[in-house]
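Listed in TrEMBL:
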TRANSMEM  70-90  transmembrane segment
DOMAIN    129-186  domain 'Protein translocase subunit SecDF P1'
DOMAIN    188-284  domain 'SecDF P1 head subdomain'
DOMAIN    289-447  domain 'Protein export membrane protein SecD/SecF C-terminal'
TRANSMEM  306-325  transmembrane segment
TRANSMEM  330-350  transmembrane segment
TRANSMEM  356-376  transmembrane segment
TRANSMEM  404-423  transmembrane segment
TRANSMEM  429-453  transmembrane segment
Amino acid sequence: MRKRKTSRIDICHMRSFFFLFLRMMRGLKDELVCQLSYFPLDLKLTVKNKGDYNRVYWLKKEEVRLMINWSRIVTFLLITLLVFGVIGVYGEKVAKSTTLGLDLRGGFEILYEVSPLEPGAKMTQQTVKDAVYAIERRVNVLGVTEPEITVEGTNRIRVKLAGVHDQEQARNVIGKPANLTFRDMQGHILMKGSDLAENGAKGVLDPQTQQPVVTLQFKDAKKFAEVTQKYVGQPMGIYLDEKMLTAPTIREVIPNGSAQIDGQESIQEAKNLAALLNAGALPVKMKEVFSTSVGAKLGTQSLQNGIKAGVIGIALVYIFMLAVYRLPGVIACIMISAYMFLLLLVQNLMDVTLTLPGIAAFILGVGMAVDANIIMYERIKEELRSGKTILSALRVGSQRSLSTILDANITTIIAALVLFQFGSSSVKGFAVILILSIVMSMLTSVVGSRLLLNLVVRSNLFKKPAYFGVRERDIREL
């Protein structure tokens with residue numbers, strides 16, 4: 001009689017063994033009680049039902065090991081299929097939803113220097129914030145999606161409008177003070193643009209003359225009625241900034257708080273003026289100090305060239321990894337593909353705009369991801385050459401390479417943070433994508449690559465050092 005041996009069995013192994021016999025137990029409809037016994041040479045599964053009828057199944061441990069080994073390969077293949085399946089289904093959608101910057105899509109960029117409206121007044125942080133808010137409302141008039149408006153220093157505002165190519169219209173809409181006032185003939189201000197109701201200005205065609213006009217509706221109809229009552233029979237000038245648009249004569253009291261601006265050349269001009277008035281006057285003076293534009297064709301060409309360079313570079317990396325590292329190189333290619341998809345996905349979720357410097361950071365991130373894999377694989381190869389087994393080389397190589405990988409990535413993140421803190425807007429974009437790249441490369445190259453490599457090595461189906469890029473004659477005896 002064989003003596004029972006007490007030993008621990010990995011939970012995953014027990015579960016695999018149990019599910020192996022589910023097919024055998026399908027015929028037993030009564031409640032089952034299963035007992036797993038571990039012997040030196042084989043495994044015993046005893047199945048009891050309510051009628052105390054026992055079924056005993058025996059399986060050689062070698063067969064269980066083979067089953068477990070193949071289950072690891074199946075897990076590896078399932079993870080690989082999952083990675084490429086998700087990329088295949090969602091990759092194009094994620095790529096198309098990426099927000100492109102000015103240099104890739106074409107558009108217009110202006111740098112303004114702002115100063116207080118009143119001479120001698122101080123420029124405060126709140127004043128600059130109010131100016132940014134006013135500019136954002138004005139940019140909406142242009143129909144621009146996702147404008148980039150940033151504050152530089154204490155008195156500069158940079159505006160980037162992707163997809164805008166009419167520079168003059170952009171300048172007029174953004175930089176025009178649009179300070180609306182109603183004045184008497186002596187120049188005294190009677191009403192201001194701030195007295196308008198929300199969205200109280202509208203560009204329409206006059207129903208009687210069919211000429212484009214801007215209709216105005218005031219918040220306080222009583223106040224406007226008092227003004228018109230006081231100046232009945234006198235002209236009242238309507239000024240935009242310091243230019244008088246029109247000076248209609250007040251013939252009677254206007255009780256409903258409405259007015260009209262004539263003299264617009266087109267309905268579009270009337271609508272633009274109405275939009276400016278609704279957006280409100282700028283709280284600061286703005287002086288243009290720099291402007292540039294990128295044509296749509298040039299932006300598209302830059303994007304195509306950037307993508308082409310990236311594809312060629314990544315393809316060369318794949319070829320190198322497969323040629324030098326063989327099986328680990330295959331795993332590296334899988335994880336680099338996952339890295340690129342995850343990086344684009346996170347960029348979209350964080351609403352990060354992709355620019356030419358961003359593409360450079362993206363490709364640099366691929367290099368960082370490959371570098372992490374190379375450091376680990378080279379360490380594993382060194383352990384194999386020293387005479388260790390493949391599993392032992394994997395354990396030691398992974399442990400000893402981790403600190404080097406972490407040090408390299410942490411120092412790069414620190415440098416990227418410095419760039420983000422003190423760099424210009426384009427440099428900040430580079431820094432953001434570089435930081436995201438490093439985080440994603442750590443997730444895929446350190447965690448993902450080790451997981452897949454462990455599955456492959458522990459399957460015991462790839463026992464030759466040649467699978468890991470090591471020749472037999474290079475292995476030293478212990």
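If you go along the chain as it appears here, the first residue is 1 and each next one adds 1.
Each Cβ is built from the backbone N, Cα and C atoms, and glycine gets one as well.
Between the transmembrane segment (330-350) and the transmembrane segment (429-453), the number of CB pairs under 8 angstroms, six or more residues apart, is three or more, so the stretches are in contact. Taken together, the residues of the domain 'Protein translocase subunit SecDF P1' (129-186) have an average pLDDT of 77. Here the transmembrane segment (404-423) has long-range neighbours at 368, 371-372, 375-376, 430-432, 434-435, 438, 441-442, 445-446, meaning same-chain residues at least 6 beyond its ends whose C-beta is under 8 angstroms from one of its own.
Packing against the transmembrane segment (429-453) from elsewhere in the chain are residues 76, 79-80, 101, 328, 331-332, 334-336, 338-339, 342-343, 346-347, 350, 352-355, 357-358, 360-362, 364-366, 368-370, 372-373, 376, 394, 398, 402, 405, 409, 412-413, 416-417, 419-420, 423: each is 6 or more residues past its ends and has a CB under 8 Å from a CB in it. Across the domain 'Protein translocase subunit SecDF P1' (129-186), DSSP helix (H, G, I), strand (E, B) and coil residues number 23 helix, 16 strand, 19 coil.
Only residues 6 or more beyond the boundaries of the transmembrane segment (356-376), in the same chain, are considered here, and those with a CB under 8 A from a CB of the stretch are 101, 103-104, 302, 306-307, 309-310, 313-314, 317, 321, 325, 328, 332, 335-336, 339-340, 343, 397-398, 401, 404-405, 408-409, 412, 426-427, 429-434, 436-438, 440-442, 444-446, 449-450.
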